[in-house]
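What follows is a single structure, written as structure tokens, with notes after it.
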There are 4 protein chains.
Amino acid sequence: MSGNTFGTLFTVTTFGESHGPAIGCVIDGCPPGMTLSEADIQPELDRRRPGTSRHVTQRQEPDTVEILSGVYEGKTTGTPIALLIRNQDQRSKDYGNILDTFRPGHADYTYWHKYGIRDPRGGGRSSARLTAPVVGAAAIAKKWLFEKYGTTFKGCMSQLGEIAIPFESWEHVPNNPFFAANASIIGRLEEYMDALRKDGDSIGARIDVVAQNVPVGLGEPLYDKLDAEIAYALMGINAVKGVEIGAGFRSVAQKGSEHGDALTPEGFVGNNAGGILGGISTGQDITASIAIKPTSSIRTPRPSIDKNGQPISVETFGRHDPCVGIRATPIAEAMLALVLMDHALRHRAQCGDVKVETPALR
Amino acid sequence: MSGNTFGTLFTVTTFGESHGPAIGCVIDGCPPGMTLSEADIQPELDRRRPGTSRHVTQRQEPDTVEILSGVYEGKTTGTPIALLIRNQDQRSKDYGNILDTFRPGHADYTYWHKYGIRDPRGGGRSSARLTAPVVGAAAIAKKWLFEKYGTTFKGCMSQLGEIAIPFESWEHVPNNPFFAANASIIGRLEEYMDALRKDGDSIGARIDVVAQNVPVGLGEPLYDKLDAEIAYALMGINAVKGVEIGAGFRSVAQKGSEHGDALTPEGFVGNNAGGILGGISTGQDITASIAIKPTSSIRTPRPSIDKNGQPISVETFGRHDPCVGIRATPIAEAMLALVLMDHALRHRAQCGDVKVETPALR
Amino acid sequence: MSGNTFGTLFTVTTFGESHGPAIGCVIDGCPPGMTLSEADIQPELDRRRPGTSRHVTQRQEPDTVEILSGVYEGKTTGTPIALLIRNQDQRSKDYGNILDTFRPGHADYTYWHKYGIRDPRGGGRSSARLTAPVVGAAAIAKKWLFEKYGTTFKGCMSQLGEIAIPFESWEHVPNNPFFAANASIIGRLEEYMDALRKDGDSIGARIDVVAQNVPVGLGEPLYDKLDAEIAYALMGINAVKGVEIGAGFRSVAQKGSEHGDALTPEGFVGNNAGGILGGISTGQDITASIAIKPTSSIRTPRPSIDKNGQPISVETFGRHDPCVGIRATPIAEAMLALVLMDHALRHRAQCGDVKVETPALR
Amino acid sequence: MSGNTFGTLFTVTTFGESHGPAIGCVIDGCPPGMTLSEADIQPELDRRRPGTSRHVTQRQEPDTVEILSGVYEGKTTGTPIALLIRNQDQRSKDYGNILDTFRPGHADYTYWHKYGIRDPRGGGRSSARLTAPVVGAAAIAKKWLFEKYGTTFKGCMSQLGEIAIPFESWEHVPNNPFFAANASIIGRLEEYMDALRKDGDSIGARIDVVAQNVPVGLGEPLYDKLDAEIAYALMGINAVKGVEIGAGFRSVAQKGSEHGDALTPEGFVGNNAGGILGGISTGQDITASIAIKPTSSIRTPRPSIDKNGQPISVETFGRHDPCVGIRATPIAEAMLALVLMDHALRHRAQCGDVKVETPALR
């Protein structure tokens, strides 16, 4: 109830701080009998890890994962799966100047007031580094959902600051450091980031994420609706300030005759619903979009206060992502996968296994 | 786990269907010793109830609430508080033509596939009528939060279809059927709705909601962050497709030097954060905004299918809100209040009572 | 989290006080598509209700149940099922003399200190009257378990005060007011109770309960073991002070070579395990036994204190069961049924539907 | 929901298998600001660890604990505390002969049927080795409860097989390998165990456990009553078959005039209640007693079946405790401490901090 467990039936309890000895998680509720090894998890961690381009933090962390439990002779046993990732590139002294001050827009201030104590090294528990164990856990969820239902997850950056990134093809996503589904715009994005870094500033981004081949029937109304849970999962990612499902805020100006996706014997026509009606999956693609705010740790001096309430100027050195949105795509996919996994299990608890019927159009 | 309980320490478990004998809820975890009677709850239900203007459903429901338990000699005892609201104006025969068909954009399709059975009368469990018990429960939360911390809740419609509604003053909100914080635009909104109703169509809306005098420190990172929980609560309201906290999607194009709210000895300057940093309340106003899709039950004929997968045309008669956004303001306030109440209790479980310090600027 | 919800996937949230307007519950997680009406529930309530013999409280309550939701055209829909039972025979004035005092052995003292307020009428929330909604909910669980697995529940009183009641046959149980599985001992039990009542005293009892045709595999180790959950459920019944599974306290003096039930191709030989090994059901009968303390509300004067800490003498008038154990058998069955129902759903969430294999011997 | 998390507000999620690389846990909800290091935890682990006398398993495990998170500069931060214990003395080959068979009285059979797969090395997840992380977590709970309320925990063995162990003094407990509160009986217990070990058999035991200086008001009726939760916690310990609170099964033959503990201005007279009335702590000592069955892994050959249902004879070699009760005392204390810690936090969520009033007599 202190909020460090994600999910209700497929639960992920994480631990660790940015500069502590290790980070990791315990996954409970994984169905037994699935083949699993570190090789299934490491690739997802590698997509998220820092230091892979000049546009992200230069902290060097291999994020090597060790499975401590829950797997016997290469198969899950139904008991908890613990994942351990040792931190290796801490430079805690980099944070000396912010020990007693609060960065504008950062969790420094609120952790201090909530707990009366905070670990300031690299943001402590509030660091985006803590998304690593979740990405690891989600690799297991993705594997199960794919083997069971053929479900797959994709994501891309669709806007960087004021630059919209038109969708061209999913094929481009792994081939650029921005997770952009567009090949021709990469040069412009790189120039933009280089200028920003030079200025010591940061920028926001928009990420789109999609789940395909989702069984119909997932979601637990009234309160644990699938869209409500996705909103919870995505808004909970560091720096997210907005979440849309399907047509999102475009719905405001739509008429009912336009918004409601017509049904035909071949499937739905259109997907304003984003694959969810009444909080339950329709079988169409689930589509969501998130707004990520600019990093609060910037070199540009900002007015702030210290612990005694005295005015000061804060500049942040150390290693930071100038756009946390750049590494957010695999994280958003991970959170979506965890929600679907959890609801797949919840569904079969009450209703038995889902029956995959004629697939809905997208 | 079937999703009909909202909250973790201040829990609201609702029951009922649109056309069943009654709707209601059980509230568990209310602190003992607070004065409480139906008179504290009924006014909030009256703000939400149908039939109060020509722009909403004409179903006549007094929504009279009865407290069945948890109160002794006018005070809460710490035991569960059950609220009962009898349904009085069911006209189930109005729904005869949709028994075997699926309205485009409606939960008909998904409930049928999830459960293999659905109560089609007035939308059954998926009806917006089920927001009444939650609004009743939230009246109790609002009372406790106000008495304990002085916290208050406000909301208004900020856009109806393509018509933006400029904010003028909270004073206007109770004086028009749209919950608009603007007096001069009401005539235009009424004309717009009259034309829409004549066309047999529906429209979306945007609602803003604010909590003031919120103690600093509420929210349970990493996963039950206050913003994540608000997103969950608001996205779970019928017809919501998007949620923003603070600057929301505007954050995408903001730089860090612009977005991060500076701190001064007198409080924060600006509120792009929407009152939440690192998933924990800052003490500033909490601000959120939601997108509400147009009602799916419209008179305009739409292509769809029946239970056998055969193509048909669906027209919905019966009584429906042509814009569910019109009555959504008190519901959005209610959900926000329930989240804050729950987190107030969660905070003091781990950290003891919050200390209200120098209030942050808004 | 305030403890008024039982179960995790098949949840029962109860409300009400002994002398309030009504008692009831909301059942969430019931699988859809099961035929259900009040006629399935009322007989279980009738087994438990007061006033049916001179050996129990003379309060006259028909305990008529009304289903408020979750059933459509005679079938469960998967949405919450609310049960309502109106209280009809309150005589609150009977409790005038105990408003400001604490009965020895009663919850009076602790409710007062925990909440700072208590409803003293008939024990308020702590009354055994609150077992009625749970018995109602369990009728639904029993029906589902029987239809799905053939599971049945039986119980009997095996000791009244110092009188052991030898087991003869389950057939006797419904034919005497004590739920004794023995016909010849009834006269002696009646004389014993008549003398006790005349003395204004009360007495303890032991109840045995059995579940038959339980699928193998139910229970969630390490902490939600089936026996742990049964202990929780049974110890939570009013007045219970001890719980045994299988051989129970006899295990203390057993050797491993004696206690461990041998396995043969035809099934287990013996059932010291009580049908549970490692916290998981074996497929054998699940057997449990509980100790019920004597009623604390007795006419015999007892030394106590009042709210101001001053010494007084307490005598309890009003209507009370001189042996709460007499009506406890259907309640113990109900709690056992709720545990098994919950774990049946939990099992299939993680592992899929149980496979009923060759039944184990008992 | 797969049952590997203990508690609701002070949660302990464990992981690991007897012969895997490591065991451990994540503790969430610990209040911030308490001084904590491995030195606070290790002594409790040392009380429980194997290999300390000839009467317990000879597996040599130092059970050295490492804190991975949640502590900064020697103080808890309110974030999750992860404990890691590396396994060091696995001899998995010892279990070769039981890979495909089921030991009578052991979890082998049920794990296999529940999950379709099991880790047979040393009992896998069902091993009593998994009590180590819980004992570690409870050391933290004990420290907080002591600093906050002065609460202390004690336990002792009160019966070994047929040998009752009269209580003399708590001082004796740490001075013998049986946790007996009696000095003169030790020789007899040692002879008894030596003979038993020679016979290749095992034996049951009874353990008593007490919490002192418990604040009044802990426990959440109706279902999460303090005694119900203690029963759940204690019955969940490996090999436990019975639980008593206070007078326990003696209550069956008691009259109300005898059982109910009288109240005086100086406190309660007697403690048949075991410190709990109506599911809420009275402020008296909380007393509980458990029955522990004999170890199922014995050298004596037993009839059983293999995975194919064929009859075989099973003898267990490897290293096993001939009486699991011998090491159970610190485990029982630990579970009791975790329950009280959890309920201390739950109480203050709803009711604010407990007020320690005039202590009740014991």
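Glycine too: its Cβ is placed from the backbone N, Cα and C atoms.
Noted in TrEMBL for the protein shown:
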- A:Arg48, A:Arg54: NADP(+) binding site (BINDING)
- A:Arg125, A:Ser126, A:Ser127, A:Asn238, A:Ala239, A:Gly278, A:Lys293, A:Pro294, A:Thr295, A:Ser296, A:Ser297, A:Arg319: FMN binding site (BINDING)
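All features noted in TrEMBL, drawn onto the structure.
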residue  : record               : DSSP class
A:Arg48  : NADP(+) binding site : helix
A:Arg54  : NADP(+) binding site : coil
A:Arg125 : FMN binding site     : helix
A:Ala239 : FMN binding site     : coil
A:Lys293 : FMN binding site     : coil
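Listed in sequence order, A:Gly105, A:Gly204, A:Ala239, A:Val240, A:Lys241 are the same-chain residues six or more apart from A:Lys293 (FMN binding site) with CB atoms under 8 A from its CB. For A:Arg48 (NADP(+) binding site), the nearest of the binding-site residues A:Arg125, A:Ser127, A:Thr295, A:Ser297 in terms of C-alpha separation is A:Ser127. In this structure, the binding-site residues A:Ser127, A:Thr295, A:Ser297 were compared by how many other Cβ atoms lie within 10 Å of their Cβ, and the smallest count belongs to A:Ser127. Comparing A:Thr295 (FMN binding site) with A:Arg54 (NADP(+) binding site), their Cα atoms are 16 Å apart once rounded. Put simply, the two farthest-apart Cα atoms among A:Arg125, A:Ser126, A:Ser127, A:Asn238, A:Ala239, A:Gly278, A:Lys293, A:Pro294, A:Thr295, A:Ser296, A:Ser297, A:Arg319, the recorded binders of FMN, are 44 Å from each other.
All chains included, 12 other C-beta atoms sit within 10 angstroms of the C-beta of A:Arg54 (NADP(+) binding site). Of the listed binding-site residues, namely A:Arg48, A:Arg125, the sparsest Cβ surroundings within 10 Å are found at A:Arg48. Among the binding-site residues listed here, namely A:Arg125, A:Ser127, A:Ser297, A:Ser297 has its C-alpha nearest to that of A:Arg54 (NADP(+) binding site). A:Ala239 (FMN binding site): 24 other CB atoms within 10 A of its CB, across all protein chains. Each of the binding-site residues A:Arg48, A:Arg125, A:Ser127, A:Thr295 was checked for a CB under 8 angstroms from a CB of chain D; the ones meeting this are A:Arg125. Contact annotation for chain B: of the listed binding-site residues (A:Arg54, A:Arg125, A:Thr295), A:Arg125, A:Thr295 place their CB atoms under 8 A from a CB atom of that chain.
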